[in-house]
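Here is what TrEMBL says about this protein:
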type	residues	note
REGION	1-27	region 'Disordered'
DOMAIN	25-82	domain 'SKP1 component POZ'
DOMAIN	125-167	domain 'SKP1 component dimerisation'
Amino acid sequence: MARKNRNPVGKNVDPEAQKKKTRTLTLKSSDGQEFSISESAAVLSIAIENMVEDDCAGGVIPLPLVDGGTLARVITYLNKHAEDGASDEEKRKFDEEFVSGMEMGVLFDVVLAANYLDIRGLLREVRRRIADRMKNKSVEWVRKTFHIESDFTPEEEEQMKKEFAWAWEGVDSDVDD
């Protein structure tokens, strides 16, 4: 067990936790951009935490599946969630605001990065936002948005629309959010 020291205010301080706050890591995106981040924020990613624990984090940590723009967003999320004194309510509000303005393509990039880096809170929040945007959308909208080809002939599709008419009730127009 790590030895705890007393700080001037008299509170116990874990030396390992203090080291993580001050130590910085460099993350390198797929397009070559480098970002500095505190270890305490970076290890909120289970994948990065494993790299650090396995001493694979010497120098620069390459993240070949995450582009620079997406990595910048992920780092913003990690920094907020590692922030001392931020309440759960503040983090929840931040999460909602953080993803609310993202376009669908950006959400897809962030969900892929969160999955790759194993950042469960971010993954959960982005998946929820994607699901919210899919509510009441037409089959055509979902196919277009997710690049899904129909495996039905036009006749089969028409037959299903007749047979399952209730499934098309209350569907929004195909306007992008």
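Note: Cβ is positioned from N, Cα and C throughout, glycine not excepted.
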Restricting to the domain 'SKP1 component dimerisation' (125-167), report the mean pLDDT as a whole number.
90
How does the domain 'SKP1 component dimerisation' (125-167) divide up by DSSP, counting helix, then strand, then coil residues?
31 helix, 0 strand, 12 coil
On the DSSP side of things, how many residues of the domain 'SKP1 component POZ' (25-82) fall into helix, strand and coil, could you say?
27 helix, 12 strand, 19 coil
